[in-house]
Amino acid sequence: MSEVPEPRIIENPDGSKTIISFKIDGGKKLKITQRVKEIKITEKVNKSIAERRKWAKYGAEAGSGPGPNLSTTKLAEELQLRLAPSLKEVREQDSKEKEKEKQEGEKSLYVCRTCGIPGHFTTKCPFRDILGEMSGPAEGEGGLDAAVDTAMPAASAPGKYVPPSRRAGGRDPSSDVYKDQRERDDAMTLKIMQLNENADEMTIKQKLLSPFPNVPRVAVVRNKETGRSRGIAYVTFASEKDAETALRLLHGRGFMNLILQVDWSKPKK
């Protein structure tokens, strides 16, 4: 039987190697060709970790090479070490939270007379141009009341009946002042229909209108005799922009197993 030739290694242009070897199997000489490519992998580790890997082993592992010995060491998943915050950081966080609570408490001490929302003064109300200053003083000493009273004729004789709108301090409901206010309210009020009977004002505010923190008024229409909801509610928003956004988001949306129908409120004729 002929001798088995020595293995040959051929360097290829692409950096790989072709290894040709021979062996005898069942009286036959077999030629085995293998093509391998060496890939160098560089692992970057922390400097301190690299130093610890050089430490000399002791005990039963004395004299063993670097790295874990699978016969004596069991490898498990890598665990990330999370250090608890220091006492100083905890105290700083508590201090910030207390300061924030203090500021919120100070904001609630004053309420805007224009929109009724706490946190800012009447003179700095962001809804001043929309809501107007119906309760604030107007130009002149007597303000708006004095201007209206001046235009109202007084009773010509004592004992004569004077309508409430023409009495001192009264305002005519058909005047431009009330008309403008109604128009502003209608422009910021939506009519929500097909509401679940169990949805009250608090539920609508907290669950349906949660994206709108400033909702001045929510009124559910109820049966006068039974007090049950008729599935209709009127919602007045802080601005016309908020009302338009709510109309776009809520119309056709499912709420408490019913599909809502939302539209602008219609003034009573």
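The backbone N, Cα and C atoms fix where each Cβ goes, glycine too.
Taken straight from Swiss-Prot:
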COMPBIAS  169-183  compositional bias 'Basic and acidic residues'
DOMAIN    188-267  domain 'RRM'
MOD_RES   SER64  phosphoserine
MOD_RES   SER135  phosphoserine
MOD_RES   SER156  phosphoserine
MOD_RES   SER165  phosphoserine
REGION    155-183  region 'Disordered'
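If you take the C-beta of SER64 (phosphoserine) and look for same-chain residues 6 or more apart in sequence within under 8 angstroms, you find LYS57.
Restricting the average to the domain 'RRM' (188-267) gives a pLDDT of 87.
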